[in-house]
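K.L.:
Pulled these features from TrEMBL for this protein:
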DOMAIN    29-292  domain 'DUS-like FMN-binding'
BINDING   Pro31, Met32, Val33, Gln85, His184, Ala238, Arg239  FMN binding site
ACT_SITE  Cys114  active site, proton donor
Amino acid sequence: MIGDVVETKPCQPKVPMDLFHSGQVVKICAPMVRYSKLAFRTLVRKYKCDLCYTPMIVAADFVRSAKARDSEFTTNKGDHPLIVQFAAKEAQVLCDAARIISPFADGIDLNCGCPQRWAMAEGYGACLINKPELIQDMVRHIRNQIDNPRFSVSIKIRIHEDLKRTVDLCQKAEATGVSWITVHGRSVEERHQPVHYDAIKIVKQSLSIPVVANGDVKTLKDTENVHHLTGADGVMVARGLLANPAMFAGYEETPLKCIQDWVDIALEHGTPFTCFHHHLMYMMERITSKQEKKVFNVLSSTSAVLDYLNDHYGV
C-alpha cells in the first residue's frame, strides 16, 4: 500500500490546519481522476504547492478490496500534507476507509461535488449537497471513531442555484466538526460558465472554519485575485496545475526545468506511459507549435518521448 520512500524537500507544517493558520493563502492541488497521483504530487510540491489531494477513491471498493487499496493509493515520506478524497454514501463505510488511511495521510475529504452522471447515479458526489443530514452523519462517525484530533475531515461541494441552501449545508457541516470546506463556485449543471466567486465569498462570510475557493484558476496572480475576491483561506487548482505544475512558484508557463523534473520523477516512480505522456502533453501545450504537437502527441513509447525531448529541448 505504501510506495517506496523518496525523500523530497521542504520542512513544511505536516498538518493541514497549521497551513490554514499560517496567515498565507494555502495553495492546493485538486483531486483529479488519473492525474493527481503520487508522481505528480511530488512534482507540484517542488514548486510551492502546500497541500495535495489524491484522486477520488470509491470508499466501498477501498474497504472491500486490498487490490483496490494497492492500485488506488500510494504515498511516501515526502508526500505530506496529504488529503485522501473519498466518494461515499454510507457513514460507516466512509469511516472504515478513513480508519484504514489515517496512519498514512493527514486527513480525508468527502466528495460532494463530482457532477459526473455515473457518480450521481450511484448516490455519490454532487447529489450529496442535497443531503446535509447524511453529510453530518458521515462527519460525526469519523469524529467519533478516529481519535487523532489532528486528522482533518473536509468536504468539497458545488453551490446550489439557491445559495441559502449552500450556506445552510455548510453551517450544518461546520456544526458537526468539519475542518474546512472547499467550494467549487458552479452549480451541478454548470460546466464552463464563469465561476460565481461572489457565492464563495458569501459562504466564507457565513462560517468561522476555513474555506477553500475552487474554479478557473490558471496563474499565481489568479490565486491572489480569487483570495482577495472571496476572502478564502486557500485556493484549489486542477487544470491550471496540469498545464503548468510550476504555477504556484510564479511561472507563467511550464519551465523546462519542470519538464526535466517530471521526466526524472515519473521514471523513478515507474509511471505508466499513457499517464507520463499525457502530463507532458498538458505541460507543453503552451510552449509547442501546432506542428510540434502533431508529432509529439502521437509518440507511443517512453524512449520516443525521451528522444524527442532531448532533440528539441535538450531535456
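The backbone N, Cα and C atoms fix where each Cβ goes, glycine too.
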K.L.:
State which of the following recorded positions has the fewest other Cβ atoms within 10 Å around its Cβ: Met32, Val33, Cys114, Ala238.
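P.N.:
Each of the recorded positions Met32, Val33, Cys114, Ala238 was scored by Cβ atoms within 10 Å; lowest is Val33.
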K.L.:
Distance between Gln85 (FMN binding site) and Cys114 (active site, proton donor) at the Cα atoms, whole Å?
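P.N.:
Roughly 11 Å, rounded to the nearest whole number.
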K.L.:
Average pLDDT across the domain 'DUS-like FMN-binding' (29-292)?
P.N.:
97
K.L.:
Give me the CA-CA distance between Pro31 (FMN binding site) and Cys114 (active site, proton donor), in Å, as a whole number.
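P.N.:
Given the Cα positions, Pro31 (FMN binding site) is 10 Å from Cys114 (active site, proton donor).
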K.L.:
Quick check on the binding-site residues: of His184, Arg239, whose CB has the lowest count of neighbouring CB atoms inside 10 Å?
P.N.:
Arg239
K.L.:
I need the CA-to-CA distance for Ala238 (FMN binding site) versus the residue listed as 'active site, proton donor', whole Å please.
P.N.:
13
K.L.:
What's the longest C-alpha separation between any two of Pro31, Met32, Val33, Gln85, His184, Ala238, Arg239, the listed FMN-binding residues, in angstrom?
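P.N.:
Max span of the FMN binding residues, Cα based, is 17 Å.
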